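What TrEMBL records for this protein:
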| type | residues | note |
| --- | --- | --- |
| ACT_SITE | 67 | active site, proton acceptor |
| ACT_SITE | 136 | active site, for ring-opening step |
| ACT_SITE | 138 | active site, proton acceptor |
| ACT_SITE | 143 | active site, for ring-opening step |
| DOMAIN | 9-229 | domain 'Glucosamine/galactosamine-6-phosphate isomerase' |
| SITE | 146 | site 'Part of the allosteric site' |
| SITE | 153 | site 'Part of the allosteric site' |
| SITE | 155 | site 'Part of the allosteric site' |
| SITE | 156 | site 'Part of the allosteric site' |
Ligand SMILES: N[C@@H]1[C@@H](O)[C@H](O)[C@@H](COP(=O)(O)O)O[C@@H]1O
């Protein structure tokens, strides 16, 4: 696990955007795994800016989103498909037919999960998967107790997650309590994983993910098993980590090594 601690949310977004920029310049037809929630919004704004400045192109990109509410179709303002259109897809040169979000309105949600997995596989697998983290340590909608090798499936949301996400729904609006989410095993199959977390309310989840045991009680701890997982956090989200100075020291040493390699 690479732990990158930055000053604030703006630096976290810029760092995340740099990872995606590097990926797109290296491989124009990358397969990107995308996430919703408030955390990635600033990163998406940065990618939009870079796309509109012709620095990066999404013309050949295929994307797969982590999750969707079961029971909402893509035109529902609280659906994750709608969110992605508003926050990213409508503003970049991506071919919308190459963007995938689990179908919240699937007639048969069980077969839809298998089909989603098959689509990821036939696209060649995910090159870079973006993640946020829930306050209870969930990634995608893999709630605590999720199998660490799970695949895309229907998941019931915890009360904590429903309450956290209630802010997006109107008081009298139907809020789903079921989802379709990539599994932890699906996420771990991505070649690279980038998790962003900002703010003090993520500090407990971050310490459990980075310094806690590998456990289904904190689904994000499964990233300890990934060979290329980058955890990009601000000082507030990092505030409960025991080894902050060590992680910063590693980053300094990594930078020195990169500078040296660039000078060869
Ligand atoms: N399913 C999403 C997750 O993918 C996201 O990481 C989490 C945190 O969201 P936020 O970034 O708004 O804190 O919210 C939702 O539950």
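Quick reminder: no glycine exception, Cβ is built from N, Cα and C everywhere.
TrEMBL does not curate its annotations; it predicts them automatically.
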Closest of 67, 136, 138 to residue 146 (site 'Part of the allosteric site'), Cα positions, active-site residues only:
138
Given 67, 136, 153 as the recorded positions, which ones have a Cβ positioned under 6 Å from some atom of ligand 1?
67
List nothing but the one residue from 136, 156 whose Cβ has the fewest other Cβ atoms within 10 Å; the candidates are the recorded positions.
156
Listed recorded positions among 67, 143, 153, 155, 156 whose Cα sits within 10 Å of residue 136 (active site, for ring-opening step):
143
Residue 67 (active site, proton acceptor) has how many other Cβ neighbours within 10 Å of its own Cβ?
23
What whole-number Å value do you get for the CA-CA distance of residue 138 (active site, proton acceptor) and residue 155 (site 'Part of the allosteric site')?
12
Helix, strand or coil at residue 153 (site 'Part of the allosteric site'), per DSSP?
strand
